[in-house]
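Feature annotations, reproduced from TrEMBL:
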COMPBIAS  531-540  compositional bias 'Low complexity'
COMPBIAS  591-622  compositional bias 'Low complexity'
DOMAIN    56-187  domain 'N-terminal Ras-GEF'
DOMAIN    223-492  domain 'Ras-GEF'
DOMAIN    640-726  domain 'Ras-associating'
REGION    518-548  region 'Disordered'
REGION    575-631  region 'Disordered'
Amino acid sequence: TTFQDGGEEVEDGAVYNVTLKKVQIQQAANKGARWLGGEGDQLPPEHTVRQYETSKIRAIKAGTLEKLVENLLTAFGDADFSYISIFLATYRAFASPRAVLELLLDRFGNLETSSHGEVANLNSLESEMVLRAEIASVLRAWLDQCSEDFREPPDYMCLLKLLDYLKNNMPNSDMESRVQNLLKQFQNQEVEAVDGFCSTSSSGLVDGEELEISNPEEFSSFQDHVVAEQLTYMDVMLFRRVVPYHCLGSIWSQRDKKENKNLAPTIRATITQFNAVTKCVISTILGTRELKIQQRAKIIEKWINIAHECRILKNFSSLRAIISALQSNSIYRLKTTWMFVSKDVLLVYEELSEIFSDHDNYLTSRELLMKEATSKFANLDSSEKENQKKSQKRLQLQKNKGVMQGTVPYLGTFLTDLIMLDTALQDYVEGGLINFEKRRREFEVIAQIKLLQSSCNSYCLIPDQKFIQWFRRQRHLTEEESYKLSREAEAAADTNILSPKSQKSMVKRISTLFLGTDVFTPPKEQPPKSSPVGGSSGESTDSASVSSCEFNHSETEDVCVTPVSSPEDPLKKISGHPLSFCSPDSSVRTPSSGLSSLPSSKGSISDPGSGSDSGSIPPRDSVAGSAPRALPVYNRQSEGSCIIRVSMDGLHDSIYKSILITNQDRIPDVTQRALLKHNLEPDAVEDYELVQVISEDKELVFPRDANVFYGMNSHVNFDFILRKKA
């Protein structure tokens, strides 16, 4: 089979990409070979005749909403087999379920009012039957893939409209009874908190229970693999509930508006759980003042071993949460305590940390996720023989149980990719047409999420109520509390416990493990600035936890966990591009953070067994149609565009918003877009000035009509501040 680019076809309200597919359909013996009685598949090429068939594949590239909905009925005829799945997974970015349903049923489903030009040959009975079958196929796919779209309490207008259509056009059909059952299910279903058992508020406790600081002995009584299994159980339950379209950049980026406080609850629930794990790690290490250094080191070792068990279970969410907590400022600065962590455990910690290295846009974690997405068990490779033996022994125990494992990803990676796609690609193209090529690119990421969700059905984990209740009862320390306790714990450490020579040797060994260098520079100790990060149990469930210095802030500055390591922290990789998992209100600036380019389409995970194969239509970077070009990225100017990050001075100065700029944009344009991103009135452009942050004590102030692209300093981070004029 060969493919050839057939150019574009333009219709009223739509633009199509055309691909010519040439397929060999027959290989027969030529006349002389047939006279000798030969068969085509038994003869050399010179004695055979091959017959080919060329078919045309039309994939809609851009169109009006009416054309996109109409294309649902004609996509199979155009050989665009993945179109229905792509549309259903992404249409919420540009239309509502009611608008799509009305177009589908009223305009195309009502045969009496349909015009002759919209669907050909509607007068014939055969065409009517074909049209009804096509509409039924679309509705069936909609109910299969996105039944949550019809959850609109208390009226359920879309579901009732669909039921009315089925009664009139497909009475007593299986689909009619299915819709009736779905309506009853929605109506009878009790309202329950999406974050279920991972709630860290007192409402999740049994009457009479109160939040408490962890008892070290009680925590130590839980076996490492039990803790990992229970964290995985909670993560699996939440990840399977994630509604994929909630992850779309155009939807997730709107969550901090007042009217959207309940937007994307399934994503918020995963963030709450992630932050609960990080805070639990910190509170168990620092919560008890009376602990000796060796006891505190044992708790750190236990969490590293739990993280290793999460790796065996392919739970990358809790794994990253634990590593993030151990790399937070309040835990990392416990230098004396880290000296008592055994060498073997430190090596395990180093290998686990490398999984989330920010090198080449987190290439290691992306490749590992693709490799293990549908594998039965984890693929554990260790550079240390002892670690390798231990890992293989634990893995063999898992295999002996005979139950396959799924994969729980770190959701922040997908959220960042989708937000960057939303920032880099336009929603509409020339003529006001909806850019559907953008939706195809987004579906490549959505398809990965769906595949991983289906893999989670392989887990067979039983909840341990004793651990879950203990996990709920934990009182989480605020950032200020954890920093204060960290200083007290370090000050109480017996600095004479090691001779100066041996102490120097231990510090050198730890610095070599962390940095690959013999130079160790202790971080400057400074109290963290007051922020909503890591709040107490009474705070919002979205408040972000501490996180690794490995994390990145694009517009996901409010996606996931917040880095709180000080800028001088030697663990921080100065050239890094961290990716964060934090809440809308709690992002903290990290001077070295940035964002690399998006993964190529080769990195997409596709399910060969599903009908929604995102790889059937080659992705294209540009709707304009010419040669593919690289998407604009943060911290790099390329092909006349780049992405900058803008925060509001004095208002939300810890929250960045990603802005796409080109070499044609001047200060008023960029200022207006930044105000819109921060949900402020765009008319107040004249009242603000744009400033680029060069260093802690240097800023670049732009003149009124300056060209931002050419005027900015491209040798430092592309971080800007929007400040009200004096």
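The backbone N, Cα and C atoms fix where each Cβ goes, and this holds for glycine too.
Caution: TrEMBL annotation is automatic and unverified by curators.
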Residue distribution over DSSP helix, strand and coil in the domain 'N-terminal Ras-GEF' (56-187): 85 helix, 8 strand, 39 coil
Reported mean pLDDT - the domain 'Ras-associating' (640-726): 87
The domain 'Ras-associating' (640-726): DSSP-derived helix, strand, coil residue counts: 21 helix, 39 strand, 27 coil
